[in-house]
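According to Swiss-Prot:
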ACT_SITE  GLU94  active site, proton acceptor
ACT_SITE  CYS344  active site, S-methylcysteine intermediate
BINDING   CYS114, CYS118, CYS121  [4Fe-4S] cluster binding site
BINDING   GLY168, GLU169, SER200, SER222, LEU223, HIS224, ASN301  S-adenosyl-L-methionine binding site
DISULFID  CYS107-CYS344  disulfide bond
DOMAIN    100-339  domain 'Radical SAM core'
Amino acid sequence: MTTEKVNLLDFDRKGLRTFFAEELGEKAFRAEQVMKWIYHFGCDDFDQMNNINKQLREKLKAKCEIRAPYVSEAQHSADGTIKWAMRVGDQDVETVYIPEDDRATLCVSSQVGCALECKFCSTAQQGFNRNLRVSEIIGQVWRAAREIGLEKETGRRPITNVVMMGMGEPLLNMKNLIPALEIMLDDLGFGLSKRRVTVSTSGVVSGLEQMIGQIDVALAISLHAPNDKLRSEIMPINDRWNIEAFLEVVRRYIASSNANRGKVTVEYVLLDHVNDGTEHAHELAELLKGTPCKINLIPFNPYPGSPYKKPSNSRIDRFQKTLMQYEHTVTIRKTRGDDIDAACGQLVGDVIDRTKRTKAKQFDGQAIPVKTL
């Protein structure tokens, strides 16, 4: 009988120290040495860890492994964006690398599929299967860093920012999200600034409540409508936590956070003749008066079978100018990777069981109203 090996990517620093002490009978500092090899050097071979004694290396080889998702497919956009299908178990999730002049952002998935069924999102139309483990979340960053390689060797910019905006709702996977974020921030992990790690949520209020005082990262909220009636039509989660409840906890989170510099990023996808009218812009501006924020407008990225369209440039421009009359900071997101379906809302992956919507639609014992496909 073969005993399954323990994947060390499933542990943040605290968890790894505990595992080394309690399960391996080793001093905690050894855990930190191994952690540095894993994340600073991208090492997944214990024999290469030359400051670890042979006895411990043999013990690690017998009981442990360093196993990240592997790339099953890679697509390269004309603008430099890369979309990877990362194999997790017997399924794929999608991870996107977005290079810019002064940074390189990695868009990371938190679930296989998504249970929230936002009407404009391609991922949601694929159904939900399961939450990703810590190793499958942080492993996307580990694998991407290895694929990109050193800038001097590949000419590609190393990853400077991580956004939890891939497949899934991050705050419905808190158990695995928090340790993964800790590794991103840890000096022995990827050592990213808390201002360079962003979590995006569609409005899981109870998850955001948990984050207050527990983890400090940049926050982006998927609002996408200026009133409850319209938001409930395109985002069923609004029937569980309405806009007022959502914004109230958002204000408390950013007040407790240093990473957000006192402001939250409000994401607003523009759907042609659905939520992009001048009246919607006025209503949105009034709604956000009490919430320190910057507004990021996202012109809809079409996908096959979608009932929505991208607004004309004139409608997008008019919406932005209306918001700016209220002295809001408003940007329009530049579409990246749309030629490989890697743009916002286009990620699909490979969801084997498209009917499974069980645990992930339960939060604090309350059912989130989502339809079963």
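Yeah, the Cβs are placed from backbone N, Cα and C, and that goes for glycine too.
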CYS121 ([4Fe-4S] cluster binding site), number of other Cβ atoms within 10 Å: 26
Recorded positions near CYS121 ([4Fe-4S] cluster binding site), in sequence order, restricted to CYS107, GLU169, SER222, LEU223, ASN301 and a 10 Å Cα cut-off: ASN301
GLY168 (S-adenosyl-L-methionine binding site): nearby recorded positions from CYS107, CYS114, CYS118, Cα cut-off 10 Å: CYS114
Cα within 10 Å of CYS114 ([4Fe-4S] cluster binding site) - qualifying binding-site residues among GLU169, SER200, SER222, LEU223: GLU169
For CYS121 ([4Fe-4S] cluster binding site): DSSP state (helix, strand, coil): coil
GLU169 (S-adenosyl-L-methionine binding site) versus recorded positions GLU94, CYS107, CYS118 - nearest by Cα: CYS118
Three-state secondary structure, ASN301 (S-adenosyl-L-methionine binding site) (per DSSP): coil
Number of Cβ atoms other than its own within 10 Å, given for SER200 (S-adenosyl-L-methionine binding site): 21
